[in-house]
Every structure is written in structure tokens, then in C-alpha cells.
């Protein structure tokens with residue numbers, strides 16, 4: 001039997017996705033190796049994006065959005081099952097000791113998006129009696145909350161079961177069967193299971209199935225209980241201290257956590273781990289030393305190098321990733337479920353997903369070994385090794401492309417030359433000027449029918465627009481044009497706002513204004529900009545799918561004149577950087593890719609060449625060579641010479 005969707009992993013993330021997909025009418029199967037071992041059972045259930053002082057803007061936004069979903073989401077689950085999730089909007093108190101007063105100040109300065117309040121020593125001790133004597137103040141985060149993580153896991157399982165999700169516990173997935181960029185089945189300890197689409201939500205075990213940089217981070221915890229002799233709950237809000245948190249439950253239990261240990265899958269609690277927790281907790285809230293201990297336990301959180309999750313598309317078109325949530329799996333469950341379901345069912349890719357794509361780790365690689373084994377040589381000749389698997393795709397707004405070269409349709413001497421060049425370039429994205437096609441401008445007659453749009457992704461552009469308002473109108477026309485050509489789900493737009501007729505430099509203010517509106521309307525916006533790092537960051541923050549800084553003025557063929565600024569943009573961007581405009585030769589294309597650009601858009605240099613098709617092929621090869629050189633990592637530049645052969649031990 002072939003299912004619609006198979007979810008690999010039965011923790012909170014996998015189950016949340018399963019419930020959301022089932023509510024949207026799909027047939028869902030969950031494969032779970034060991035439900036009690038899921039990281040959810042080893043968490044504390046804090047919903048604490050403010051107390052955690054998250055500095056990454058995209059992660060902060062993701063966490064805030066997820067926290068805002070919690071009241072309605074848990075209510076829906078409770079209605080489905082009749083069970084209680086233990087959701088409690090109790091707020092979080094973060095006491096500090098002498099010298100820690102600046103802790104939390106970043107949240108306070110956050111433009112009022114999520115409030116935080118400083119409490120002086122007298123106030124905090126009055127607000128929460130029983131704090132340690134050396135607590136000198138603290139921050140109050142009223143919008144943070146908690147949920148009973150173990151109850152939530154049980155409720156999600158019950159909700160999935162009641163909705164008709166096929167739940168399979170005790171199933172070990174041993175491998176993914178892959179053919180031609182697709183997963184065609186999963187090999188399990190009970191046989192092969194097939195589906196149309198697959199979701200990887202295996203948490204700390206993700207690396208067993210794919211070469212993803214997800215590692216286990218062990219966390220030890222314990223639970224104490226408020227004695228019955230204490231008539232009322234002494235704690236009614238979470239205490240968030242330095243490397244310690246204390247989470248009271250309404251059933252009179254109190255969770256104390258958690259260590260963070262990079263020890264692989266080493267099991268069990270340790271005396272050192274428990275001692276560390278008890279010392280930190282008793283210093284923060286001394287009366288805990290008299291409470292009876294109920295239990296100890298441990299679990300494994302899925303950590304990535306940047307401690308951010310991996311969400312969205314993978315190297316296989318029908319495999320979606322949802323892993324690496326580290327400390328925030330419980331918090332991010334509702335937003336992860338919503339975004340993944342939107343992507344799979346509605347083919348909608350939230351711009352925020354691009355920040356958490358797996359390919360970000362390839363950008364960080366400075367070297368990739370090229371020849372590491374004698375198998376790379378045959379009859380004395382070097383064989384070309386394959387490119388790194390995880391670098392095989394360019395991801396824009398959740399859509400995968402193998403080619404990193406985009407081309408255009410303007411300036412060709414004939415439709416035939418344009419068709420030949422598009423094929424020779426190997427490109428998968430072709431940009432089209434909406435206004436010129438609509439008005440059948442010279443050179444654009446019959447353009448819509450000239451290319452095979454079942455193989456090429458159209459990138460409508462707003463060329464010719466001088467104001468933000470004009471660009472927004474043309475973008476809407478472009479979306480409809482793509483639909484007429486069979487690309488119903490195409491929400492891409494190359495945003496150009498260019499009032500300057502001589503140098504054709506984009507208007508930064510108009511571009512930002514148009515981008516903000518188009519993102520709100522659900523467009524994947526690819527803005528053409530001056531090589532301005534500050535503008536690039538602003539456009540990323542408003543949700544653009546890429547930024548497209550110019551190398552030099554459009555059609556000038558001057559090459560890379562903005563290298564320093566493009567490097568800054570690349571170093572700071574968490575969305576793809578596409579160098580656009582001004583590249584005139586393959587050497588310049590290669591240079592741009594060697595800087596670390598994710599892709600190039602080249603039109604004039606191809607269309608105006610004496611042999612456009614040959615130039616298109618040359619640009620394709622240069623793009624690939626530049627990307628490979630970037631991944632390989634160039635040798636360091638030295639002031640003085642360094643001989644390749646030994647300068648000692650010569651024959652005299």
C-alpha cells in the first residue's frame with residue numbers, strides 16, 4: 001500500500017505535523033522507533049523565547065510566532081482528545097545575581113514586540129517569596145509560558161490516533177531508498193514502506209539517515225514534589241536562572257533542569273550532573289532542598305552547529321526536513337507543523353523557511369577534500385569526484401534548483417538564438433519582463449510560447465517600473481501570467497524599481513516599500529538592488545526570498561565593480577545571494593561564485609555575444625567552476641614565495 005505521506009519520527013514534532021496534515025485531508029503514517037524515548041519526554045515544556053534571549057532574528061520570529069499559536073493549538077488538541085496538555089501562561093521570572101544585571105536587556109530594547117520588565121531586589125523578592133538571598137533583581141517575561149511536555153506528547157499521540165493517522169511504534173527506519181532525486185521508499189525492520197511524500201522528523205537520530213549536522217546533546221533532569229504539608233503552591237511561575245531552570249506544575253511537582261552534555265548517546269544520569277542541577281536550583285530557590293525527589297531522567301536533544309532547526313526541502317523533491325530543534329522542540333511544534341503542512345499540501349513556502357534550510361551549513365564549509373583516495377585516479381588520469389551531496393540544489397523559497405545560473409530573454413537577435421542559449425546554459429530559471437510581454441514589445445513577441453515552461457521556472461520581473469506602486473501592480477500581472485502558462489503555484493517575482501533612465505540603478509526606498517507589500521501578499525520576492533549591505537539585510541528581515549545585488553550597471557559588461565560590498569552581503573545573508581547585472585565574461589561569473597554567491601543572473605553577456613549559445617554554455621561551466629572553487633577553499637595568499645619542492649637535501 002502507498003500512503004500519501006510517511007513521517008519518520010514520532011516525537012512531538014513528527015506527531016504535530018501528522019495531526020496538522022491529517023486535518024488537511026491527507027493520509028498520514030507515522031513511523032516511531034520508541035515513543036517513550038522521544039526528546040519531548042526529557043524536556044521541561046518551557047515556552048521561553050524571551051527568557052532564552054534568542055539573538056538570531058529569524059529564530060526569534062519563528063519562536064514568537066509559535067508561542068502565539070499555543071493557546072488555540074492546545075485548545076484544539078484538548079477538544080479532539082478530552083485530555084489536558086497542561087498549557088499554563090504563567091510567565092517566566094529570570095532572577096539574576098550580582099554582576100548579571102545586564103542579562104535580558106536585549107529583550108527590553110526590542111521595540112516593544114515582546115515586553116520584558118526589570119524588577120528591583122525588593123520587588124522581585126516580594127513578587128516571588130523564597131528566592132535566594134543573593135538574588136539582586138530579575139526580569140519578568142509575561143508572555144512566556146509553559147506546557148506539560150509529557151502530557152503534550154500523550155495528547156498528540158491520542159489526537160493523531162483519533163483522527164485516523166496510522167501510528168506505528170517500534171519501527172526502526174534503516175535507510176531511505178532514493179532514485180533520481182526522489183525517495184521511493186523507506187527500508188524498515190519490518191520491510192519497505194512507500195509513500196508519495198516523506199517527512200524526516202527523527203530529532204537527534206537524523207544523522208543516521210542523512211548526512212545532516214545533527215548531533216545528540218544529552219540533558220539530565222529531575223523532579224521534586226511539594227510536600228502535602230505546604231498548603232499552597234509556593235511557585236506559580238517558571239524560574240529561569242543561569243544554566244538552571246525550575247518549572248512548577250499545577251500537580252505540585254517541580255521540574256529541575258537541565259544539563260547540556262556533548263557526550264553522544266551515552267545514557268543514564270550521573271552524580272556530577274545531578275549535583276550540578278541541585279546546587280544551581282537550591283541557590284536560586286533554597287527551600288527545594290527540603291522537597292522529596294520523585295525521579296531522575298535524561299534525554300537527547302537534536303543540536304545543530306548553529307543551534308537552529310533544519311526545516312523545509314531536502315536534496316530529494318519529495319522529502320521534507322523537520323529536525324534539529326535542540327532546546328526549542330516543544331515551543332516550535334505548532335509553527336513547524338503549520339509551515340510544513342503549508343509547504344506539502346498548499347505548496348506555500350513561508351519566506352522564513354529559507355533561514356533554516358540545510359544548505360546553510362554548506363556555506364560555512366571552507367574546504368572540501370577533492371582527491372582523498374586512490375579510487376579517484378584511473379590509468380594515471382584524475383577522475384572528477386562528485387560534488388558534495390548536500391550542495392546539489394539551490395533552494396529559493398522552498399523550491400529546489402540544480403542549476404545556479406539564471407538567464408533572461410531580452411536583447412537576443414532572434415527567438416531561435418534565445419531558445420538555443422537557454423538550452424545551452426542549463427538554466428532552470430528564466431526571467432521575463434512582464435510589461436514587455438504584455439505589450440508585445442519588439443523582441444518579445446511570442447516569447448511566452450517560445451520556451452518549455454514545464455521544464456523552466458518562470459521568474460516574472462517588473463522591469464520598466466519606476467515606482468513601488470507600479471512594480472506591485474506588474475508583479476500581480478506576472479503571477480497571473482505564470483498561471484496561464486501552467487505554473488499555478490509560481491509566486492516568484494524579480495522586483496525591479498528603477499526610476500533612473502541613464503544608469504538604471506534601482507531605487508532602494510521604492511524597492512523596500514514594494515518588497516514589504518509583496519511579501520504580505522504571499523510573493524517570493526527576489527529584489528534587484530545596489531550592492532548595499534544594509535539594504536540587503538532590511539530586505540531579508542522583511543521576508544524576501546533572496547537578494548540580488550548588482551555587480552555593475554545593467555547591460556554594461558563592466559564585471560565585478562562592487563566586490564567588497566557583495567562579500568559583506570554574502571557573509572551576513574541567511575537567504576540566497578544572487579549576483580545580478582554587469583557580468584560580461586565567464587571569468588567574472590566564476591569570480592562572483594568564488595566569492596560565495598549562491599547563484600548568478602546573466603542575460604546581456606549571453607544575448608549580445610557573437611555566438612550566444614556558446615557563451616551560454618561557457619557561463620554555465622564558469623558558474624559550476626566558481627562554485628566548486630568556493631567549496632574547495634583557495635590557498636592562502638602569502639607575501640613571499642614558497643617552493644613547491646624541498647629546498648634542502650638537493651643533489652650536489
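Yeah, the Cβs are placed from backbone N, Cα and C, and that goes for glycine too.
Since we're looking at a predicted model, the values are computed, not measured.
Shown in sequence order, 431, 459, 460, 461, 462, 526, 527, 528, 548, 601 are the residues of the chain, 6+ apart in sequence, with a C-beta less than 8 angstroms from the C-beta of residue 494 (active site, schiff-base intermediate with DXP). In the three-state DSSP scheme, residue 494 (active site, schiff-base intermediate with DXP) falls into the strand class. Swiss-Prot lists 494 with the feature active site, schiff-base intermediate with DXP.
The Cβ of residue 326 (FAD binding site) lies under 8 Å from the Cβ of 217, 301, 302, 303, 304, 307, 308, 309, each of which sits 6+ residues away along the same chain. The annotation FAD binding site is assigned in Swiss-Prot to 5-19, 44-46, 173, 325-331.
Annotation source Swiss-Prot lists glycine binding site at 52, 301, 327. Other Cβ atoms within 10 Å of the Cβ of residue 327 (glycine binding site) number 22 in total over all chains. Under the three-state DSSP scheme, residue 327 (glycine binding site) falls in the helix class.
The 1-deoxy-D-xylulose 5-phosphate binding site feature in Swiss-Prot is assigned to 555, 581, 582, 603, 604. For residue 581 (1-deoxy-D-xylulose 5-phosphate binding site), the number of other Cβ atoms no farther than 10 Å from its own Cβ, over all displayed protein chains, is 24.
The region 'ThiO' feature in Swiss-Prot is assigned to 1-366.
Under the heading region 'ThiG', Swiss-Prot lists 393-652.
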(request) Pick the one among the binding-site residues 603, 604 whose Cβ has the fewest other Cβ atoms within 10 Å in this structure. (result) 604
(request) May I ask for the distance between residue 52 (glycine binding site) and residue 555 (1-deoxy-D-xylulose 5-phosphate binding site), taken between their Cα atoms and rounded to an integer number of Å? (result) 48
(request) Could you state the whole-number distance in Å separating the C-alpha atoms of residue 327 (glycine binding site) and residue 45 (FAD binding site)? (result) 10
(request) Report the residues of the chain - excluding 555, 581, 582, 603, 604 - with C-beta within 8 Å of the mean position of the site's C-beta atoms, for the recorded 1-deoxy-D-xylulose 5-phosphate site, in sequence order. (result) 553, 554, 556, 557, 580, 583, 602, 605
(request) Would you mind ranking the binding-site residues 9, 45, 555, 582 by how many other Cβ atoms sit within 10 Å of each Cβ and giving me the lowest? (result) 555
(message) Using a 10 Å cut-off on CB atoms, tell me which of the binding-site residues 5, 13, 17, 330 is the least crowded.
(response) 5
(message) I'm trying to understand the geometry here, so how far is the Cα atom of residue 581 (1-deoxy-D-xylulose 5-phosphate binding site) from the Cα atom of residue 17 (FAD binding site), in Å to the nearest whole number?
(response) 41
(request) Would you list the other residues of this chain near glycine - those whose C-beta lies within 8 angstroms of the C-beta centroid of 52, 301, 327 - in sequence order? (result) 307, 326, 328
